[in-house]
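Structure, as structure tokens:
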Amino acid sequence: MKKVILVVIDGLGLRSEIHGNAFQMANTPFFDKLFSEYPNTLIQASGEYVGLPDGQIGNSEVGHLNIGAGRVVYTGLSLINKALKDDKFKENQVFLNAFNKVKENNSTLHLMGLLSPGGVHSLEAHLFEILKQAHNSGVENVAVHVFGDGRDVAPKSIRESLEKLQELVDKYGYKIATISGRFYSMDRDKMFDRTEKAYKAILGKSGNEFSSALEYLDLQYSQNITDEFLEPAKNSTLDSRYFLKDNDAVIFFNFRPDRARQLSHLILNSSLYDYQPSHLVKVSDFVSMMKYEGIKCNIAYEEMLVNNPIGKVFEDANKTQLRVAETQKYAHVTYFMDGGVDVEYKNSKRIMVDSLKVESYADTPQMSAEEITSQVISHAKDFDLTILNYANPDMVGHTGVLESTLVALEVLDKQLSRLVKWAEKNKITVFITADHGNAEVMLDENNKPVTKHTSSPVMLVTSDKSLKLKPGKLANIAPTVLDYMGMAKPKEMNENSLLDK
């Protein structure tokens, strides 16, 4: 059976423009040879191709997850957006249970979260859809508790969102019960005096009041208070039904956990913090949009389970596998490559090469690439599949130092040349790809350093000159390797091989 080495270069995309492109500027004769003499193709590594929102830059975690899974893995916001796009909110049993609880108890459903199109902690479209589904399910009493953003979006930008929300609640006979800036409702620094102010408004115990949400916004703006710092206030036109009390149900529609946990703790009196809530309520149901670590509640959208990633396929087929990376990227070739699970397969070996302990990798752009190559050359003959990661383009690219990134790529060029020559001599086939872009964009149009990832496509190159490769995305790589090795792919791997037969 053929043996394969899969090389994942971290943070190296492809683009034709030379300006600020360390990959085009570096002296890389072996890469030049790979692209001119070996089969190669383009692989998409960002946005919807890897289960992220459209246009979003790729990252190492998502990249390795998709490579190992053999299918597009939807995570976080994109997981919920896909459910929204596919009109699946109405089938979400966790939402339906919350709706049913308030109908049975003749109580109120409280929807709370960041009213924002920002997509960092929440997305207002999710709230609007939950309102629609609550109405369609016959929920009579719904109170919305609005948190102002002004941080992931412009400081004074909530008016349009608030107008949309007001129109919807009027249509369904629901109410905007409270308003507070995220400074209060979404503190994450254990400043519970802030969180308490938002909590008291939700309980109907705030001294600040408004009769119209939009008028209250104007009043706050007139005092130079922006969305983030809107003072917690309650709607004075509402009766006690619309403020949080026993037997009510809560849906917290923030999907990101870090700034949702303190307020959740106050409502649930959880064991996550030592702080004791000023008022205790016993809600019938508490739903978080995604998992809030340390908060016990019902979760509307769980992260996707990746069954049968490439490592499991090799294990089940009684094949051997080797994983090699330096400390900085070790979790990526193990935990993320294995579907977000920490598992050591019985026919496997893992080698972690120590990353250099330095303040900045700009000072040591070679990183541990030579040692990684040496370890692979020492061990790969004994394994059916070797997966390794070279961290240089990403970690040095993040420093924003162009000269160091050029050195990093030249070091990598030499190490790849060493590895491929050895593999060819030992009749082992190499596939080379990358998890996302970075080093190919080091300067912006104003010649300022760029340190972030990119949405550039990446390479897939193979040392087997008899092959032809089709273009694809990261999720096609595992099926391609299995196809090449004559192994069946599991049903979960719904992406195709890129071998052009």
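Placed from the backbone N, Cα and C atoms, the Cβ positions cover glycine too.
SER60 is the only one of SER60, SER378, SER404 that Swiss-Prot places in the Mn(2+) 2 site (with ASP10, ASP435, HIS436). When HIS279, HIS453 are compared with the Mn(2+) 1 site residues ASP394, HIS398 in Swiss-Prot, the one appearing in that site is HIS453. A gap of 25 Å separates the Cα atoms of ASP435 (Mn(2+) 2 binding site) and HIS121 (substrate binding site). Of the residues the record lists as binding substrate, namely HIS121, ARG151, ASP152, ARG182, ARG188, ARG256, PRO257, ASP258, ARG259, LYS329, the two whose Cα atoms sit farthest apart are 34 Å from each other.
For HIS436 (Mn(2+) 2 binding site), the nearest of the binding-site residues HIS121, ARG188, HIS398, HIS453 in terms of C-alpha separation is HIS453. Taking the mean position of the Cβ atoms of ASP394, HIS398, HIS453 as the Mn(2+) 1 site, the remaining residues of that chain whose Cβ falls within 8 Å of it are ASP10, GLY11, SER60, PRO393, MET395, GLY397, HIS436, ASN438, ALA439, THR451, LYS452. The binding-site residues under consideration are ASP152, ASP394. Their Cβ neighbour counts within 10 Å are lowest for ASP152. Across the binding-site residues listed here (ASP10, ASP435), the residue whose Cβ sits among the most other Cβ atoms within 10 Å is ASP435.
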